[in-house]
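Only one structure is covered here, and it is reproduced in the block below.
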Amino acid sequence: SPQVVWSMLGNRQFCSYKMTTKTQNFCRNEYNLTGLCNRSSCPLANSQYATVREEKGRCYLYMKTIERAAFPRRLWERVLLSKNYEKALEEIDENLIYWPRFIRHKCKQRFTKITQYLIRIRKLTLKRQRKLVPLRRKIERRENRREEKALIAAQLDNAIEKELLERLKQDTYGDIYNFPIHAFDKALQQQDAESESESDAEREEDDDDDEDVDKREFVEAEDSELSDFEDMDKLETSSEEEQEEEEEVEKKASHSKSKGKTPLKGPARRKRPYIEIEYEEETEPSTKTKAA
Amino acid sequence: AGEGSAPVPGDGAGPPASERVLFPPTFSVSEIKNKQRRHFMFLRWKQQQRKEKLALKKKRRKEREALGDKAPPKAIPKTIENQRVYDETTVDSNDEEVAFDEATDEFAPYFNRQTVPKILITTSDRPRGRTVRFCEQLATVIPNSHVYYRRGLALKRIIPQCIARDFTDLIVINEDRKVPNGLVLSHLPDGPTAHFRMSSVRLRKEIKRKGKEPTEHVPEVILNNFTTRLGHSIGRMFAALFPHDPQFIGRQVATFHNQRDYIFFRFHRYIFKSEKKVGIQELGPRFTLKLRSLQKGTFDSKFGEYEWIHKRREMDTSRRKFHL
């Protein structure tokens with residue numbers, strides 16, 4: 001009898017459909033009406049029971065009566081409910097006439113919920129579906145490894161620098177940068193004094209990038225460049241850490257100047273004599289105010 | 001047993017390393033059952049191999065010096081790029097057919113300076129913080145680009161809207177687990193659509209020793225190593241993202257470097273220290289792309305005409321074969 005069943009399964013002994021959590025007990029039985037483990041909602045412990053379940057988008061009403069308790073195969077009777085919501089509710093009422101109120105009520109509630117989620121499914125399938133593509137671990141690992149190796153083989157910095165120098169050589173930058181060409185240098189190497197005045201004369205016509213040691217009026221225009229120059233300087237030449245802009249300006253000028261004359265001599269040689277020149281010149285305070 | 005002329009030592013001690021040990025040809029280190037002894041013999045064998053190799057090298061070097069000028073040229077080491085399987089679609093610089101194709105394909109209006117690129121950057125649904133920040137940074141790098149987020153709009157619907165508003169390119173960044181991992185680049189007035197897998201995304205703050213923010217100047221573009229026809233068309237797609245006339249005052253350069261089918265994107269600021277030396281400083285995000293498919297029309301996954309799809313079984317069979 002159902003009371004015995006309940007006293008066994010519900011309280012004392014083991015029920016395989018029962019799932020306990022901290023606050024509640026759930027019933028995993030597929031014919032359960034509410035999903036909770038109660039005396040009134042246990043399909044095993046009630047000899048007269050009904051549920052609504054859906055299959056492939058259609059809802060069915062399942063009923064179980066005492067007369068068929070001895071025939072497990074025929075225990076659950078299935079009735080197809082109509083697609084029309086109100087009609088289906090009437091059908092439930094019809095079939096469950098004279099049944100306890102609780103079961104009727106819960107059946108209708110369950111049916112409502114099922115129809116609502118079916119509507120939602122239909123709506124969502126019309127929108128864009130997210131297609132899940134599984135990652136293959138071996139392939140991912142292989143590609144990552146190959147990418148690392150390709151990165152090493154690429155030597156990006158060198159490649160970019162080479163390309164930029166190529167473009168400089170092929171004159172794509174036009175007149176912005178006015179470095180004297182190497183051949184020109186070699187020819188001038190013997191005649192230092194003359195080339196100095198010559199290159200000074202050249203630089204008078206320059207625009208922004210070349211700094212001019214003697215002329216002061218160009219310093220102002222190069223403010224935007226100077227900040228970048230500062231950054232670059234801080235990055236590579238750690239030996240010089242002068243703070244003032246003008247010194248760096250002049251240093252740059254001295255660099256480019258020296259490139260014109262003595263490209264073969266080492267960097268140390270390049271820097272020292274001209275740093276003295278920087279300290280000697282009195283132009284700094286005036287240019288500072290101008291540049292600011 | 002079978003050690004040749006070496007005296008039989010106790011375990012571990014062994015003869016001094018300078019003695020030459022001869023192993024008879026039938027002896028193999030792996031046949032010794034005792035692990036310690038086997039290990040010891042293996043190390044000795046290895047030492048001997050190294051010595052022989054060094055001796056060989058010395059001999060060769062002596063021969064080379066002895067020959068002087070008549071010495072044969074040094075052998076070039078084999079690299080994967082050297083051994084690359086020759087791809088028949090490699091582009092010659094003077095190929096007329098290629099030149100003609102390029103004059104009449106979808107990028108012709110761009111290269112003839114008839115259109116100015118205008119780019120729309122968007123993401124897949126619900127982008128997370130990293131992707132959002134990446135989109136913003138990408139927008140600063142590419143001039144004349146706008147970022148719009150779409151909430152659930154289908155790509156096919158926004159494409160006609162974009163065309164109506166004069167956008168020339170569409171970039172969709174796909175996101176997975178809060179990290180961008182895919183890029184769809186579509187040239188708009190029915191241009192080709194390329195789908196890439198994106199990896200190693202580094203935002204600006206993750207790049208070490210980076211410079212200041214990229215300015216508004218139009219950067220230059222460097223496209224390296226796009227040799228085949230496919231690579232050529234992809235390279236042109238990338239070039240079409242940037243306006244045609246770079247502003248050299250800005251001294252910024254965006255690089256797309258192809259190496260073994262991986263396209264590395266970097267954004268640098270350069271400065272010429274002399275005519276032989278240039279310094280570069282990395283700003284801007286960086287990422288790598290790998291081409292997955294190239295489609296003829298605009299984005300249409302079901303009915304599109306694919307010009308090239310990466311088929312793993314067919315195309316990944318050889319380690320020396322690359323497609324870009």
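Glycine is no exception: its Cβ is also placed from the backbone N, Cα and C atoms.
Pulled from TrEMBL, these are the features on record:
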REGION    B:1-22  region 'Disordered'
COMPBIAS  B:1-17  compositional bias 'Low complexity'
REGION    B:53-75  region 'Disordered'
COMPBIAS  B:63-72  compositional bias 'Basic and acidic residues'
DOMAIN    B:117-300  domain 'Brix'
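Through the fold, the region 'Disordered' (B:53-75) approaches none of its own chain's residues that are at least 6 residues removed from its boundaries at a Cβ separation under 8 Å. Taking DSSP states H, G and I as helix and E and B as strand, the compositional bias 'Basic and acidic residues' (B:63-72) has 8 helix, 0 strand, 2 coil. On the 0 to 100 pLDDT scale, the domain 'Brix' (B:117-300) averages 89 in this prediction.
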